[in-house]
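*Asks:* Quick one: the structure is below, questions incoming.
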Amino acid sequence: MKYSKFYNDSIDNPERFWQSQANNLAWYKTPSTILSKDQHNYDQWFEDGELNLSYLCIDKHIEDGFGNQNAIIYDSPVTNTKEHITFNTLHEEVSKLAGGLQNLGLSKGDTVIIYMPMIPQALYAMLACARIGVIHSVVFGGFAPHELAIRIDDCKPKLIITASNGIEIDKIIPYKPFVDEAIVKANHKPEKVIVFDRKLGVNIQHKNYDVGYSALVEKSPSIEAIPMPSTHPSYILYTSGTTGTPKGIVRDTGGYATALKFSMKYIYGVDEGDTFWAASDVGWVVGHSFIAYGPLLNRNTTILFEGKPIKTPDASTFWRVISEHNVKAMFTAPTAIRAIKKEDPDGALLKKYDLSCLKYQFLAGERCDVATLNWTEEQLKVPIIDHWWQTESGWPMISNMVGVDLKPVKPGSASLPVCGYNIQILNEEGEEVENSVEGYVAIKLPLPPGTLSNLWENPERFKMGYLNRFPGYYFSGDGGYKDEDGYVFITGRVDDIINVAGHRLSTAEMEEIVSSHKAVAECAVFGVHCEIKGQKPLGLIVLKSEKISETNVIQKEIIQDVRREIGAVASFRDVHIVKRLPKTRSGKILRKLLRNIADEHQYNIPSTIDDASIIDEIKSTYQTQKIGIHK
Ligand code: COA
Ligand code: AMP
């Protein structure tokens, strides 16, 4: 099948195109209304359809005779465990946990937070919620109690599901204590906390609200999946915005299932029964779409990997997993490849494994630099597919659609728009620009099925953040350009969001924490280039008084504050003292200028700058402190 015909069909006749894709799912009630408007006058898909994600991911395959196929392979080098979980076993675990949730009084429309490491029970919890229409919100384990508390107050869960602990390379991460701390901090108090004890010798301090996971599952009845309207929210997933408050992306059910089934076949090029591996975390959108729901919907075996690309135990782990579990397509972030390349530059460890099962290597989460793309291609000798998407979209927006026809790879580009995404590059005035001209990456409405349906209980922020900037378009927040063949090159965020090791973080949020330190008069936090993580946050602070001594104590306290409030995942390790910050005459700090100087990108000194002599001061600080390209 030719990509251009397939793509054009999706843009010219979206309703016909997506109705036909939706027919690949087993609906309880097949939709007859394909595209309509919701109460906020925003597009929604398959309004009158009814289905259940948990049924489609589990029961359907058992009914089709695949109960003994592996649904999940849990591979955990940090605990030295491997577990093969069939669809039959998955059914038992999920349907009983769903029964347990029902016994605890949960029903359709209630919310639950899942704060768990990469263990099978995290997937069971997601699927058990989906089985009875409970809306889950998975929070990434690298976030601190404060961040968890913000999410508790926003989505007001009736219950939290957690585990005793996680394991990061060689340290124990206290999940349950973090939940207890978050509940103390939050205004909303969940009724119960279900705790899965990993039995790793970690002592759990029990509270009155605790319910033991294993005992609950043991005594609960198995229950059937309940039909859900297509527009019913399947989950809320928080992501960084340009303010200190994260945005709760709401995902529907029917559009999402349609988009994921479509993605597995046409983007990732895998057939039912194949093994697929996304080396991410259930706390991110990749985990939702391509560890949990996508592969399971498509009857793929999904790999649940609890480890890191390096040090668990070494830089050969990824290759071992691919080879041992017969992975056909794999997905990771370029940062993981850079970490492996640093430890094993010649690929000596990789050569120890038979990787002939691997057909495609996908990369996303951040811009893929050409050196990383080339190295991966040389080592793996399969197509390396960079593809672009966001928490908001839920599935890829720009990709080489290898299941349709493999197009030539152009280093630096995520390739061509995926079916359903009418991607345009706009200027400040919202006009489409010529090829090769950089602008704002926007998508003409309607977005295809599976993309965000709103922000949780905040339709105004949804409109302000995504729809108002360019009427008739969804604004992605990224900049980029197209070449003469229609390939899109993403150049990076145009706002205060940074991407650290594939993790999306808000510098505005970090600034709020840094500026609340008692010694800080003002500050700027922005992302600078990092060889492994792509970007890392850097803080520049101006002290309230030049007479303040023990500046290294202040620096350490600020680093600790950010770690305590946001979490280790912020990777905030550099804060430097400067005498002043460059500002416009109206007092706005010129963060982009600070970043460009650090990374030695081309920059113009804005004509509105208050005092241009400050640039030399900043440059000399960068040199003496070995910041950015000076390190
Ligand atoms: N739970 C608790 N803590 C976590 C965590 C989790 N799930 N994930 C990360 N952290 C902690 C780490 O332990 C580390 O803590 P430290 O400061 O005490 O060392 C901190 O957060 C930063 O972690 P990370 O960003 O993972 O950096 P690293 O230096 O430990 O590892 C890489 C570097 C490149 C190996 C790692 O970032 C990586 O594997 N990246 C790929 C990420 C990815 O797949 N993203 C996909 C999103 S699509
Ligand atoms: P997240 O919502 O965490 O998935 O982060 C989405 C952001 O990551 C996007 O808006 C981009 O800025 C960046 N991103 C993701 N994939 C790519 C890619 N393939 N190329 C460039 N940037 C990417």
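Count begins at 1; order follows the chain as displayed.
Glycine is treated like the rest: Cβ placed from N, Cα and C.
Since the structure is predicted, the reported quantities are computational estimates derived from the model, not experimental observations.
Feature list, courtesy of TrEMBL:
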type   : residues : note
DOMAIN : 3-57     : domain 'Acetyl-coenzyme A synthetase N-terminal'
DOMAIN : 68-444   : domain 'AMP-dependent synthetase/ligase'
DOMAIN : 509-588  : domain 'AMP-binding enzyme C-terminal'
*Asks:* Could you pull the average pLDDT for the domain 'AMP-dependent synthetase/ligase' (68-444)?
*Replies:* 97
*Asks:* Would you mind splitting the domain 'AMP-binding enzyme C-terminal' (509-588) into helix, strand and coil residue counts from DSSP?
*Replies:* 25 helix, 27 strand, 28 coil
*Asks:* Per DSSP, how many helix, strand and coil residues does the domain 'Acetyl-coenzyme A synthetase N-terminal' (3-57) have?
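*Replies:* Its residues divide into 24 helix, 9 strand, 22 coil.
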